[in-house]
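What TrEMBL says about this protein:
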type     : residues : note
COILED   : 41-75    : coiled coil
COMPBIAS : 12-23    : compositional bias 'Basic and acidic residues'
COMPBIAS : 103-116  : compositional bias 'Low complexity'
DOMAIN   : 20-79    : domain 'BZIP'
REGION   : 1-41     : region 'Disordered'
REGION   : 97-116   : region 'Disordered'
């Protein structure tokens, strides 16, 4: 019994020390993980806020440009009372704008495809 009793006595402190060490390392790793997780969440929240602000600014700009566009169209119609020349120029302008829009969207699609 003394041999078995001594074996248990010698192994017990070693086992307890190993468990305590493992627990300390696990606690430290958990703390590091929580810190990194919090930093990632903060970065995502900041990015989301910036994107929301950008979207709001762009929506405001779109609204402003739509109002300006409507005002200019009304001005053209009022000044020229719908003359044929203005109508032809307007058709040419809208054709040009649609071509530029198509080219820009094609270019954006190609750029998005490259990013993948």
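Keep in mind that glycine also has a Cβ here, set from the backbone N, Cα and C atoms.
Small disclaimer: the values here were computed from a predicted structure and weren't measured.
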Quick one: DSSP breakdown of the region 'Disordered' (1-41) into helix, strand and coil?
40 helix, 0 strand, 1 coil
Could you pull the average pLDDT for the domain 'BZIP' (20-79)?
93
